[in-house]
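Colleague: Shown below is the structure under consideration.
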Amino acid sequence: MPVYEHLLPVNGAWRQDVTNWLSEDVPSFDFGGYVVGSDLKEANLYCKQDGMLCGVPFAQEVFNQCELQVEWLFKEGSFLEPSKNDSGKIVVAKITGPAKNILLAERTALNILSRSSGIATASHKIISLARSTGYKGTIAGTRKTTPGLRRLEKYSMLVGGCDTHRYDLSSMVMLKDNHIWATGSITNAVKNARAVCGFAVKIEVECLSEDEATEAIEAGADVIMLDNFKGDGLKMCAQSLKNKWNGKKHFLLECSGGLNLDNLEEYLCDDIDIYSTSSIHQGTPVIDFSLKLAH
């Protein structure tokens, strides 16, 4: 099983993210901590809903910053099935430390695991569906992430088996309708972008027709996004473009716009290299976790 924690640098800003999340939860006095004090306690962290466990390194950092000892019983990316237990829950981790520290860490850690596991689970479901049809290309998320949570959400897509797509505006140039309208044409937009991004950064162009896609390919775009095409129209356009430019131009075709678990199969074809969807991370249901002190 891949060790996704290795993606997170030792001195990375993700640790500061955790500090900020804890500070957001207790910006001044911890009144609840005063009530319970610092007696040594043990607690169980439960998962109460079937799904893929994700967010463990981030939750571990919460516990580390709260000076707690944790024993994880499952690895990142494990698929948990508490529904098979009579109790309807499963112990994911055991936590030891001062009572006030455990309760300080509780909600932040649970929120991280719930959100991250929800995204990983949705990603796992949609990539599994695609693979079950024989499709071997890429299923990706989008940049429509929650402000302040992009690192966590993109990480969760990877754990679930999907591609993150571009991480930010600096990772890849994506020229959409507004860029094209502002510059006058797809050709102008691609030319202007290439002048500053150089050879190392890819350029993607959002296209609404085969003619626009052809212009983008001729202009030197690396990725052609066929946006909001319908199933049969998408497949015909993709096949036409691949046949026309075979051996002449190298580019990738991406399909985007309204894709989700319910309709993806209608759009899948081998001529499309990438399918991108925000459904795996935007408005995604969370996975239910809880934490209880031993008593």
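Backbone N, Cα and C atoms are what each Cβ position is placed from, and that goes for glycine too.
Reproduced below are the annotations present in Swiss-Prot:
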| type | residues | note |
| --- | --- | --- |
| BINDING | Arg107, Thr142, Arg143, Lys144, Arg166, Lys176, Glu206, Asp227, Ser256, Gly257, Gly258 | substrate binding site |
Colleague: Comparing the binding-site residues Arg107, Arg143, Arg166, which residue's C-beta has the most other C-beta atoms within 10 angstroms in this structure?
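Modeller: Neighbour-count leader: Arg166.
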Colleague: Under 8 Å between C-beta atoms and at least six apart in sequence, can you list the same-chain neighbours of Gly258 (substrate binding site), or say none if there are none?
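Modeller: Gly258 (substrate binding site) has long-range Cβ partners Asn228.
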Colleague: So which one is it: of the binding-site residues Glu206, Ser256, which has the fewest other Cβ atoms within 10 Å?
Modeller: Ser256
Colleague: Between all pairs in Arg107, Thr142, Arg143, Lys144, Arg166, Lys176, Glu206, Asp227, Ser256, Gly257, Gly258 (listed as substrate binders), what's the biggest Cα distance, rounded to the nearest Å?
Modeller: 40
